[in-house]
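Worksheet: the structure to be examined is printed underneath.
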Amino acid sequence: MADNRGFLPGANCPLLNAFTNPGPSNSGEVPSLTGKDTSSNSTSLGAPSRRLWWLLVILNIFFLLVGQTAATLLGRFYYDQGGNSKWMSTLVQTIGFPLLFLALLYLPRSTTSTSSPSTHLLHLLLVYLVLGLIIAGDNLMYSYGLLYLPVSTYSLICASQLAFNSIFAYFLNSQKFTALIFNSVVLLTFSAALLGVNEDSDGSSNLSHKYYVLGFVLTLGASATYALILSLMQLSFDKVIKKETFSAVLDMQIYTAFVATCASLVGLFASGEWRGLQGEMEGFKSGKVSYILTLVGTAVSWQVASIGVVGLVFVVSSLFSNVISTLALPVVPVFAVIFFKDKMNGVMIVAMLIAIWGFASYMYQHYLDDLKVKIDAGQNNGTDFTGV
């Protein structure tokens, strides 16, 4: 995990106490970024103040953006320097989960449960098993996509996960589907479609048509699966886990990552790719040390990103978590052009602008939801928020 100074002190950390020592507060409701009622959530979270709630959101956003950008670029670097194992690329996306046990050591565990212990444990195991297996399959599709596509094209296609998530969130998480959200879905769909017909001019000429199409389809499928995972995580928190503590978030990440890691290891050995790892390390263009550091750095970066993802699902919603993940959209292609010499033609720039427009549409909807909460709170308290 990244710098843990905000979490490790334990009893002296106000950020930690807001989760682990829930209690009454006079600070009011948590602001809404999801289009749903947050009054019950604020109570279950110990009613943290607006300022503290935003601090939690910003911290998770930082983890997600930094981790996701670094992991994507390192993943492409692995392939460019001679790495070729799809299962190794899949494995490093989850194998860093033991780092999260450091945080669990300092988090008090809740002893309360809303269901019988045996039933609750059985449901938890089923949730972790199913989500872990889905995550492993999703990571494998992402690995193939990153191998067969330029990283700039890959990143732009990944923005389609926002459109998929809005659909899953509507059916699974009772999320509102407003005109602005619908507009965003349409724009992101157009953006992905533009990339789908742009194979001849985006730097993919070294790949055959078959591999480009395969990479496109697998990346699109991975984006849809990732959106489903986020919605299933939120549904699990709401219906099964029912423990409103940050340790529950870490449990979700650790145990699903453990299952995904086991599945990836099985795939690595069953496919026979493990036999070529020694030669792959020796033939790595930037050296053996760079090979090891690349894999370790990728593993750590994915765990940082995962904490941000799960934290935002818990603190806000799966929809908002996916919205924030698209913030890396304009960042990754820029770094790809700088470090990997990817080509950015007119069609790709238009696709990027359309995707950013779709993202902005989502963010404006969240702004309206938050403003509505402020106005309602102001009316209840006799305060005028109409000028916000």
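Glycine residues also receive a Cβ, built from the backbone N, Cα and C atoms like all the rest.
Record features (TrEMBL):
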{"type": "REGION", "residues": "25-46", "note": "region 'Disordered'"}
{"type": "TRANSMEM", "residues": "52-75", "note": "transmembrane segment"}
{"type": "TRANSMEM", "residues": "87-108", "note": "transmembrane segment"}
{"type": "TRANSMEM", "residues": "120-142", "note": "transmembrane segment"}
{"type": "TRANSMEM", "residues": "154-172", "note": "transmembrane segment"}
{"type": "TRANSMEM", "residues": "179-197", "note": "transmembrane segment"}
{"type": "TRANSMEM", "residues": "209-233", "note": "transmembrane segment"}
{"type": "TRANSMEM", "residues": "254-271", "note": "transmembrane segment"}
{"type": "TRANSMEM", "residues": "291-316", "note": "transmembrane segment"}
{"type": "TRANSMEM", "residues": "323-340", "note": "transmembrane segment"}
{"type": "TRANSMEM", "residues": "346-364", "note": "transmembrane segment"}
Seg_contact(the transmembrane segment (254-271), the transmembrane segment (120-142)) with at least 3 CB pairs under 8 angstroms, min sep 6: yes
Residues from the same chain, set at least six apart from the ends of the transmembrane segment (154-172), whose C-beta lies under 8 A from its own: 72, 76, 145-146, 181, 184-185, 188-189, 191-192, 195, 215-216, 219-220, 222-224, 226-228, 230-232, 234-235, 317-319, 322-323, 325-326, 328-329, 332-333, 336, 348, 351-352, 355, 358-359, 362
